[in-house]
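According to TrEMBL:
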DOMAIN    36-392  domain 'Aminoacyl-transfer RNA synthetases class-II family profile'
BINDING   ASP106, LEU107, THR108, ARG133, GLN149, ASP153, ARG302, TYR306, TYR307  L-histidine binding site
Amino acid sequence: MPQLGFLHGRAWAALLGQLRRPPGAVCIGAVHSHSQGTRDFSPQQMVVREKILDMVISCFKRHGAKRLDTPAFELKEMLTERYGEDSGLIYDLKDQGGELLSLRYDLTVPFARYLAMNKVKKMKRYHVGKVWRRESPTIAQGRYREFCQCDFDIAGHFDPMIPDAECLKIMCEILSGLQLGDFLIKVNDRRILDGIFAVCGVPESKFHAICSSVDKLDKMSWKDVRHEMVAKKGLAPEVADRIGDYVQCHGGVSLVEHMFQDPELCQNKQALEGLGDLKLLFDYLTLFGIAEKVSFDLSLARGLDYYTGVIYEAVLLQTPAQAEEETLNVGSVAAGGRYDGLVGMFDPRGHKVPCVGLSIGVERIFSIVEQRMKTFGQKIRTIETQVFVATPQKNFLRERLKLIAELWDAGIKAELMYKNNPKLLTQLHYCEDMAIPLVVIIGEQELKEGFIKLRSVASREEVAIKRENLVAEVQRRLS
């Protein structure tokens, strides 16, 4: 079997169960997407999706998170005004009862609403669920109108930057575990950005608009972003140029130190707070052993309006070889940040609960894994059946049904053919095609003597065992 290019060691092999190629197991299929930006998932794709989600969720649980779920739709007024320029992408529903409802756009705003409604002051939660966005779907980039999100959030008043550092650690653990290749987490702080806008002379009313322009620097050149700021958003050219001097900088903790030396920026209280927190954050990231994976990047803006402090985004780094062979441009694969004001927006008294969180871009990760498995002709087993109950003779359906009930009752994954008198060869071929490890065979002779034949599908070896020892022997072999 060709070694998968993105596998290092055994971790991914363990993740996908048996990555040997079972005879006749089905190869992962092409993506057939609907015109409306949704998709069906074949059984092969679901196997991969489940393995990825299991790995993500087990990391969330390792860090002490509880699971939460919220309705697929919210009152429209709960969602609008929370997403800035992106509010136009919210799907509205007409409700017969007269209420204006919308499908949820992400899992963060429903979480904030939940905290406020239930007066929860402290919570570490994860949430896996579908969200909906009325985008023009670009399937090549892994963008859909309906997709799954995996979020982890820490809500509550704590000492600065400890929960934030843990969120970045979780991102690193998941991306390292999935072995998608080298990655980098870009970090910035909304307060530093706002401070930069202030000292550069951006009118406060334009902060959000200019912020969303800066957010496009990962997809557009500075020249194009500057043009958007000046021509479309009415910023003075010299102000745009001053912003450009800042937002094109990136580095590690040394850049944070360097910014502390900026006399103008240090006059700005917000920027100073942001820099102080980032310095502390890098200190904790060093203790966690992940500082080299994190870059302080002043171009990172995160378009959503609700962020108030530290923001971050993880991107995969392509090697030159990958850049030539791969056409899949997936952008960021995880992102998040601090949103201290969002819960207060839902609380009638405006009580604030500080929050920080992250979202894993499972759809984009899935697109990458799927494409690589296709490239390397990776085969996938779509069922987990361990034992097949077969017979070489006619009129043995009742005996097969009794046998399979015994196996099921013992928690063993078992199947039989839904025919009164199936051919033995057909039954054995099915087991080989589906990579079922064991076959239990019962016929006249076996029934008379109180024995059962147990056949290994891979080696085709058969042994006779006592009927009453069947379950114990199957369990022994499977373990």
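Please read every residue number as a count from 1 along the shown chain.
Cβ atoms here come from the backbone N, Cα and C positions, even for glycine.
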Open item on the list: Tell me which of the binding-site residues THR108, GLN149 sits in the most Cβ-dense spot, judged by other Cβ atoms within 10 Å.
Closed with: THR108
Open item on the list: Long-range neighbours only, meaning 6 or more apart in sequence with Cβ under 8 Å: which ones does ASP106 (L-histidine binding site) have?
Closed with: VAL131, GLN149, ASP151, SER359
TODO: Note the mean pLDDT of the domain 'Aminoacyl-transfer RNA synthetases class-II family profile' (36-392), expressed as a whole number.
DONE: 89
Task: Largest separation between Cα atoms (Å) of residues that the record links to L-histidine, namely ASP106, LEU107, THR108, ARG133, GLN149, ASP153, ARG302, TYR306, TYR307 - done: 21
- [ ] May I ask which residues of the same chain, at least 6 positions away in sequence, place their Cβ under 8 angstroms from the Cβ of TYR307 (L-histidine binding site)?
- [x] ARG190, GLY337, ARG338, TYR339
TODO: Taking the Cβ of ARG302 (L-histidine binding site) as the centre, count every other Cβ atom within 10 Å, in any protein chain shown.
DONE: 22
